[in-house]
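Student: Sharing a structure with you now.
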Amino acid sequence: MHPSMTLLAILPPLVRASIGNPHLLPTPPMGFNNWARFMCNLNESLFLDTAAAMLDTGLHAAGYTRLNLDDCWMASHRAPNGSLPWDPTKFPHSLPWLSAQLRSLGFSLGIYQDAGNVTCGGYPGSYGFEELDAHTFAEWGVDYLKLDGCNVSPAGAVSLADEYRARYARWHSVLGAMPHPLVFSESAPAYFVDPQNATAWYGVMDWVPAYGELARHSTDILVYEGEGSAWQSIMVNYRYNTLLARYQRPGYFNDPDFLIADHPGLSLVEKRSHFALWASFGAPLIISADVPGLSKEVIAVLTNADLIRVDQDALGLQATLASRSEHLDVLTRSLDGGDRLVTILNRGDGGLAVKVPVGWMGLQRCAYQAKNLWDGEIQEIEEDIEVQLDSHATEVFRVSLPPDCPMVIPTGIVFNTASGNCLTDGEALAFEPCRGQDLQVWQVEESGILRPLSRTSHCLTAIGDNVVVKPCTGRPGQRWTYHITGNLQNQHTGACLTEGTGIDVCGFELDSQVFGLPSGVDIEA
């Protein structure tokens, strides 16, 4: 075996849903969680009032049916038999009673626990009580578990990453043995985020999809009374999510955290962008807000049927970056039935006039219809979509493909997830800051051939220790394989694309060798 293939061969199997059953959660969850808005100030009345408001405002009818408790719901100590009681002051009628009440209204109850011996809020954790807690929750009528990762300490020579994996694997095993497994939301990756080196983070991300249905992968979104910019918090989690598209598919979803729909630091434009981006990602839509107090304008955003349809699309793909420049992101993905999603975000502080060519969408010149998913307006396009974007605004289009138009080719930037630099065609192939140019947009064919949009007669080619762009001839070195690890491996040489050296022996989740590619590209173990 080629030395560069050895590390890839020992990686975890290709992403699969928890319990081996993608039907447990075929589409992202939608609902409510108290944490970002109320933190530990949760109680029975909050959840009943939230349920009533969701029924009255149309949120329930739109699909928001999960009401999830977060930390601090439990008593301060376990019972003598080891079981975990609820706080009787916060939940005087009991959690089984609350679960039954919510179920009678058409909702389901989710719950929070922690993989350590103590939760983040200082309450009893699940370590050593996994099976007892799982069956207790099921007896209460709970069908969704968010497992946090505070206070996890390895013993002896065990690494921290291995300890997390063992504890989440234990929960996976317990849930898998139950007649009706709970949906399993894993927070393990969030404890390995390191802006200086992502190797450990990706190492955890490689296994979480095998154990659960969704993962809280990075920093917590800003809470209601937190300090700092709510918009910047959204953008931080947005960025992390763009690095992880390769993991997502039906049955497993990347979770960039809650929709903070009533945060006082957000304008309505920013709230619209928050929702549109999460829907474009196919991310969980979990509202953390004072739902009875939401304005009609915000309710209209959260119940946008066209965007919810995108979020719940059966293909389960995540939108990826087709193009990026200093202030502008264009994301695309394919939808069930053949339509193409185009999402355009202005990250800058001023307005932008934007033209998005059909080539960036993975299309060729033809007659298409593009529906604006905010106002429903349909426009005929052949060459591009033109749009005016206010600061921090996001427009979303659903492009219908007539049967006589060419098929979609996955198209977008090939970017290093650590540096953010784009693979750039030119006299000398290089990684450069992304500038929103065809030189940095690549078509990725099913055969493994990559062509720059600037000259589609040429292909990314490995020659010896170098990687260049040469005329496409079918020569050895012009076919590549994209791995779940983010490695782009040449099928002829066995080496991996590497920022800084061009191509090199494949390592394990090295920052220089992990790349984001367009949505829809085939992914190998």
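Glycine is treated like the rest: Cβ placed from N, Cα and C.
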Student: Based on the annotations in Swiss-Prot, which residue of Asn151, Asn197 is described as N-linked glycosylation site?
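Tutor: Comparing Asn151, Asn197 with the record, Swiss-Prot tags Asn197 as N-linked glycosylation site.
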Student: Going by Swiss-Prot, which one of Cys459, Cys496 is joined to Cys472 by a disulfide bond?
Tutor: Cys459
Student: Between Asn43, Asn81, Asn117, Asn197, which of the glycosylation sites has the fewest other CB atoms within 10 angstroms in the structure shown?
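Tutor: Each of the glycosylation sites Asn43, Asn81, Asn117, Asn197 was scored; lowest Cβ tally within 10 Å is Asn81.
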Student: Within 10 angstroms of the C-beta of Cys434 (disulfide bond), what count of other C-beta atoms is obtained when all protein chains are considered?
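Tutor: So the Cβ neighbour count for Cys434 (disulfide bond) comes to 22.
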Student: In whole Å, how far is Asn117 (N-linked glycosylation site) from Asp148 (active site, nucleophile) when you measure between their Cα atoms?
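Tutor: Rounded to a whole number, the Cα-Cα distance is 11 Å.
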Student: State the Cα to Cα distance, in Å, between Cys150 (disulfide bond) and Asn117 (N-linked glycosylation site), rounded to an integer.
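Tutor: With distance taken Cα to Cα, Asn117 (N-linked glycosylation site) is 8 Å from Cys150 (disulfide bond).
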Student: Going by Cα-Cα distance, which of the recorded positions (Cys72, Asn117, Asn197, Asp206) sits nearest to Cys422 (disulfide bond)?
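Tutor: Looking at Cα distances from Cys422 (disulfide bond), the smallest one goes to Asn197.
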Student: Could you check which of the recorded positions (Cys40, Asn43, Cys120, Cys459, Cys472) sits closest to Asn197 (N-linked glycosylation site), going Cα to Cα?
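Tutor: Nearest candidate: Cys120.
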